[in-house]
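S.K.: This is the structure I have questions about; it appears just below.
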């Protein structure tokens, strides 16, 4: 028998997920997604690590590198837009599986070709897959993890995933300078992610919040009951309904029209614009450094052996950033963390324009990479939290597409800056981008720490007439009656 969806069903599913304590299942779920992210990040960085070898051994020009980078960015744009829309229509889980298969197979084939044109096509294909997977993974973590440790969960997933570039960097250092075809090995390793399909298919559930939002209440109930059973089997206590009451959802909270235009028509254009701008500034900064670091080292006159060594060192230090983020992400407001990190990144990039010694250059580059990686988890968590359940995947996909479009435009700009001003041109660009990032977050950012998604997204009706000052001041689900255009807490 199929249960007819009502707003209260969605509220009950949400509250039951929030009542769950941190369990072995939660850790296992994050671990599986983290390994998927590990292979995604491998693929993301592989071209950056192999570009100098392709220029030296296969005759690629700086313009070829810029074109391939632009095609990759275009692939991420398409992947984010398609995955976001499809995940809101068909579910998070099936889209996740298709994306993992796409980037894994594409990366493996990439290791077998040489011509720049083939590279562009395959990098586009793999980018569609890995960016789509990234969007859906963020949505799954956001919707399945309770508010109390949602930020830490995503930070841990990103931190473990960050080991992928470290592996690729040191393998690259071991084989790329010494073997003529060594660069191919990196792409073949990235393709091994295809073996994860079986684990993901059997062990990652569909999002109960999404199922409830599209009226599939029986399926959502079954998944939540299974999770509750696993928690109880560990001897852990589930919080009472009195401690975590269900939010009173507004009429129309379930079975809404889907898609970008429906989201805009429902009044969420402001939140979507905010996330789009934040991600655009962050993505261009992130790729402006990480994707071009090996090429910038080559332009500074280092040989291939030095480039692969210094890149491996920078990536290894950078990988510590998400792990440090796990210590602070649920202790402080996301917006305050991001303002602080943006300020530090801008200052570090400015100092890099003044140094000349190799030791200072590599040391500061390590710091820049570290703080950029540290900002990834708070940025992604923040973006997922401020969008509503019914449109979260569409919104994240759309915002991510805008960011990737900005990255496409940035690729030739960065190549031009490198040719005209050297590596300092890129560092000055990073300064400008991060100053803008800090201003946007400080002025328009919402407070989300420890707060249930239904409160942040304003999908509930009021149960308390007073303003909510902190997450601790209200039980999960006790929210204001203002819609997306109402008063939002930004201090």
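Glycine is no exception: its Cβ is also placed from the backbone N, Cα and C atoms.
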S.K.: Pick from 215-237, 307-329: which stretch is listed in TrEMBL under transmembrane segment?
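M.R.: Based on what TrEMBL states, transmembrane segment spans 307-329.
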S.K.: Tell me which range among 2-21, 402-421 TrEMBL lists as transmembrane segment.
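M.R.: It is 402-421 that TrEMBL annotates as transmembrane segment.
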S.K.: Test of understanding: applying the rule of at least three C-beta pairs under 8 Å (pairs 6 or more apart in sequence), is the transmembrane segment (307-329) touching the transmembrane segment (68-87)?
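M.R.: Not in contact, no.
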S.K.: What else in the chain is close to the transmembrane segment (119-141), if you only count residues 6 or more beyond its ends and a Cβ gap under 8 Å?
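M.R.: Distal contacts: 30, 33, 36-37, 40, 43-44, 47, 54, 67-68, 71-80, 82-84, 87, 92-93, 95-96, 98-104, 106-107, 109-110, 113, 150, 153-154, 157, 190, 204, 207, 380-381, 383-384, 392-393, 396-397, 400, 404.
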S.K.: Can you tell me which of 28-48, 259-287, 402-421 gets the most C-beta pairs within less than 8 Å of the transmembrane segment (361-382)?
M.R.: 259-287
S.K.: Out of 94-113, 259-287, 336-355, what stretch is closest in contact terms to the transmembrane segment (402-421), meaning most Cβ pairs under 8 angstroms?
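M.R.: Most Cβ pairs under 8 Å with the transmembrane segment (402-421) come from 259-287.
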S.K.: Which residues of the same chain, at least 6 past either end of the transmembrane segment (336-355), have a Cβ under 8 Å from a Cβ in it?
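M.R.: Cβ under 8 Å, 6 or more out: 285, 325, 328-329, 361, 364-365, 367-368, 371-372, 374-375, 378-379, 382, 424, 427-428, 430-431, 434-435, 437-438, 441-442, 445.
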S.K.: Find the average pLDDT over the domain 'Major facilitator superfamily (MFS) profile' (29-449) in the predicted model and report it.
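M.R.: When the pLDDT values over the domain 'Major facilitator superfamily (MFS) profile' (29-449) are averaged, the result is 86.
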